[in-house]
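Contents: one structure, followed by commentary.
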Amino acid sequence: MKNVVIVGGGAGGIELATFLGNKLGRQKQAKVTLVDRNATHLWKPLLHEIATGVMDDGVDSLSYRAHGKNHFFSFEQGSIIRINREQKYVELAPVYGQEGDMLVIARRIPYDYLVIAIGSKSNDFNTKGVADNCIFLDSSKQALRFQHKLLELFLKFSENRALDDIGEEEFKQKLVDENKVNIAIVGGGATGVELTAELYHAAEDLSSYGYGKIDSSCLQVTLVEAGTRLLPALPENLSAAVLDELKEMGTNVQLNTMITEAQPNTLITKDGGEIKADLIVWAAGVRASTVTQQFDGLEINRINQLVVKDTLQTTVDDSIFAIGDCAALIQSNGKLVPPRAQAAHQMAKACAKNIFALFENKPLKSFKYNDKGTLVSLSNFTALGSLTNKFGKNPLTVQGKFAQFAYVSLYRMHQHALHGCIKIGLIILVDKLNRYLKPRLKLH
């Protein structure tokens, strides 16, 4: 029996493992193994909702082991550290517990076909101080860290206001501005914009849960973008509409502003200016992990992505595929396939078909990315975007309730790929029930 190993359980990796398990694993044509450093899967485009407490990671995450049991693939927890192409195995680092004790030793996982789907991480562009003084939103662990710090900040702010009321200012805790909670977000892409909107919405809800007289006026978000406009993937008119919406919420948007250094509670701009904040998030650009440099001579580009052919096979080794954000595939227009969830979803389907073809001794097919458009959610305020128009050259502009429905449907499509029609219907029902049974925000 052949071994098919998928490294990375993100949007593309877990969908691919599900497709392969349901066919090759079920029919015992291959042993399908999924490898990930975490025990659970969470759809990365929704990490900003985990960060603000809108989404509960405990409810919305998916156990790899449980999902594998239901879809005929096995799961190995661990981080890949290298590939041996000659002997055809991947080496995984040991797994350690919270107390630092080793739970699982280093292992070698043999493969006949290997798929790398390790995604991407925030690109700090080697900016001084960013790693030490900023929070990234690349994982649920980082999103939860942000959420805990956010709740602590609002608790401090609420307590300071209460001390003002009773005249005991000497006990107040220090914030960069005693009149507001200040948060700086670097990066005017989808993550930065959506996080900004969710923060203002969360601030409005906190007063309902015992945080005192807090509303969105108590929050100041500074959104910093090095380019000339927000959301460059959107048409200019929609980018301008997003800018207007954020400003109406109270956001301080700084365009054409490059950050050269991050210090504790301070960002330094290229012109020498300072941006003070109680909490700083870095969401500017992405790159693949440097671990790809240890992949036994596979071709990588300047941001560590694995260069692949149109069949999604790596240029050096036909038995190794790469999909999602970690794959560099040049399209016919000369541009790389963008690092988006919809690209990972399409690549997972195409890769599964090509692996099926290998088992059936059939020719592999070329992958062609179909850009279906871009959607951005501004929390409960609105949503907008542009969708590909099959009947004309100009994209369709969508806004409001239809755009919100389309945005939510992207996540439902991912869930459908994992669970099928019946289970996704039950999941939607449970989600609706949870709106009535649970608080709007996760407060712990």
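Residue numbering: from 1, along the chain as shown.
Placement of Cβ uses the backbone N, Cα and C atoms for every residue, glycine included.
Straight from Swiss-Prot, the features:
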- GLY8, GLY9, GLY10, ALA11, GLY12, ASN38, SER120, ASP325, ALA341: FAD binding site (BINDING)
- VAL186, GLY187, GLY188, GLY189, ALA190, THR191, GLY285: NAD(+) binding site (BINDING)
Nearest of the binding-site residues to GLY8 (FAD binding site) by CA-CA distance, picking from GLY187, GLY188, ALA190, GLY285? GLY285
Pick from SER120, THR191: which of these binding-site residues has the biggest number of other Cβ atoms within 10 Å of its Cβ? THR191
Assigned element (helix, strand, coil) containing VAL186 (NAD(+) binding site), judged by DSSP: strand
When you rank GLY187, GLY188, ALA190 by Cα distance to GLY10 (FAD binding site), which of the binding-site residues ends up on top as the closest? ALA190
What span in Å does the NAD(+) site cover, taken as the longest CA to CA distance among VAL186, GLY187, GLY188, GLY189, ALA190, THR191, GLY285? 12
Do me a favour and check the Cα-Cα span between GLY285 (NAD(+) binding site) and SER120 (FAD binding site); whole Å is fine. 10
Cβ-Cβ under 8 Å from ALA190 (NAD(+) binding site), same chain, 6 or more residues apart: which ones? PRO45, LEU231, ALA233, THR374, VAL376
Between the two most separated Cα atoms in GLY8, GLY9, GLY10, ALA11, GLY12, ASN38, SER120, ASP325, ALA341, the residues recorded as binding FAD, what distance in Å do you get? 19
Going by DSSP, is GLY12 (FAD binding site) sitting in a helix, a strand, or coil? helix
Between THR191 (NAD(+) binding site) and SER120 (FAD binding site), the C-alpha gap once rounded to whole angstrom: 14
Going by Cα-Cα distance, pick out whichever of the binding-site residues VAL186, GLY187, GLY189 is nearest to GLY12 (FAD binding site). GLY189
Determine, to the nearest whole angstrom, how far the Cα atom of GLY187 (NAD(+) binding site) is from the Cα atom of SER120 (FAD binding site). 16
Given the binding-site residues VAL186, GLY188, GLY189, state which is nearest to SER120 (FAD binding site) when distance is taken between Cα atoms. GLY189
